[in-house]
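Here is what TrEMBL says about this protein:
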{"type": "ACT_SITE", "residues": "A:186", "note": "active site"}
{"type": "BINDING", "residues": "A:34, A:35, A:36, A:92, A:93", "note": "ATP binding site"}
{"type": "BINDING", "residues": "A:125", "note": "Mg(2+) 1 binding site"}
{"type": "BINDING", "residues": "A:163", "note": "Mg(2+) 2 binding site"}
{"type": "BINDING", "residues": "A:188, A:212, A:216, A:217, A:218, A:219, A:220", "note": "D-ribose 5-phosphate binding site"}
{"type": "DOMAIN", "residues": "A:1-113", "note": "domain 'Ribose-phosphate pyrophosphokinase N-terminal'"}
{"type": "DOMAIN", "residues": "A:157-242", "note": "domain 'Phosphoribosyltransferase'"}
């Protein structure tokens, strides 16, 4: 197995190479001033199982880099190509919400199915996107690692998901921390006011961990945090797998009163403290 | 036929729709703050011949936009998809120059061949890239239009190409202007000095038009212009199909002494004065 690091996942690729006891390729990657990408793999590749590790936080740039990488690898005669995209761009456009729009991740799944043999990702927004791929689509789960990271700081832990849809994530984190879980519910209490509170449980005196797959703009999460503190929560940690954190999201969360914001390195950011290398290595090692 | 404008080619698409007497689609296109693109076509599409007009000056963004557009169109049941990419990104990576690198345009040709039925471009850097496509690959020639634009300003015209490889472009421009043509040759006259001059002709007293397919950094072109002026050229116009003009390219050309720099709207820029709409319309009209 040879690990091929993409422009965005240099450290992650190095870690995975160590954990899988694999060769780490020397890759020349650059982006020209006009925006075009150039890649070149300096290793002998013939007959090898190649694993590209390239998270897609630079969206269209990462997608095209993957397309170019796969072509280079095929042309050098690799035996197989696994594309590891810990954050999979466009995974949230997974349904046709309106006539005339594409299911973006389906369009890209077709592209990937033509250029590689297997795809690995971490916590895709919805798992049904698997159906769009004509190749094996494998996903790892970073929630236990996030819970473990936050757990050491929580004396009286309680896990919440931001909505009913994500309650499965909260359940997995709660199992890890051996505590209760619930989901947040938004209720309108007047034409101008809303209340966000756990559906069933009381947060008073608790150390709350809110978990989600993605924090994007952070708006609702910030409001939820400040309301939980009003309801008596002692501390609130906001955790997510993919800290997309658009614009001033991190600032909003801090202002909301979060005692910590934590994500994984599927999406490089200031809070990407949890490394997903072991999750990827376990999948690659067939465990 | 229905014309689908891409984010970069709104005006061009409108012109082509007029010239081909076609319906112009109302397309909602936007780029989210994280870099993902959203497209939605608001027209009835079933059974129609769709023509996407989307130049690729935003490289990876334009490529992914094309992938998403094609998926949306297919899903709405169009009869056929023509992708018009007046500037085709990555067309210059058309050979394997080194082991371990991809032929980038071949990688993308495979993608396009899977998602659309025909591709139209203007003056690709090398025409042999046609072989990489499994679908019809048609290209128009903007050189006569560029020559026509420059011609009105040239009293004693002479056309030059920047090197021997591009002399065919100079020939086509010279035919249009009914004048002589030649190519520029670089000779080293000392370890630190080079001379750039036409291979056979004398530029003294002439109005020179230099034509190329792309002006990228503009460095060699700027040096050539100043040397031609030293050699007695009265005026020098620098013309290209695709004015990529990276960084301070335009400034270099002005400082070099160019009396005008002109390109086409295949690559939107300050000097994109020549419109390629009639060339595209002629191809679409089957002329």
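Each residue, glycine too, has its Cβ placed from N, Cα and C.
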Lowest local Cβ density among A:92, A:125, A:186, A:188, which the record lists as recorded positions, within 10 Å: A:188
Residues of the domain 'Ribose-phosphate pyrophosphokinase N-terminal' (A:1-113) by DSSP state, where helix covers H, G and I: 37 helix, 26 strand, 50 coil
Coarse DSSP state, helix versus strand versus coil, of residue A:220 (D-ribose 5-phosphate binding site): helix
Protein Cβ atoms within 10 Å of residue A:216 (D-ribose 5-phosphate binding site), excluding its own: 20
Fewest Cβ neighbours within 10 Å, where candidates are the binding-site residues A:34, A:36, A:163, A:212: A:163
Counts by DSSP class (helix H/G/I, strand E/B, coil) across the domain 'Phosphoribosyltransferase' (A:157-242): 26 helix, 35 strand, 25 coil
Between residue A:216 (D-ribose 5-phosphate binding site) and residue A:34 (ATP binding site): CA-CA distance (Å): 28
Residue A:220 (D-ribose 5-phosphate binding site): tally of other CB atoms within 10 A of its CB: 18
Cβ atoms near residue A:218 (D-ribose 5-phosphate binding site) (within 10 Å, other residues, all chains): 27
Residue pair the residue listed as 'Mg(2+) 1 binding site', residue A:217 (D-ribose 5-phosphate binding site) - Cα distance, angstrom, rounded: 16
Candidates A:36, A:92, A:93, A:216, A:217, A:218, namely the binding-site residues, that fall within 10 Å of residue A:163 (Mg(2+) 2 binding site) by Cα distance: none
Chain B contacts among the binding-site residues A:125, A:188, A:218 (Cβ under 8 Å): none
Densest Cβ neighbourhood among A:93, A:217 (binding-site residues), 10 Å radius: A:93
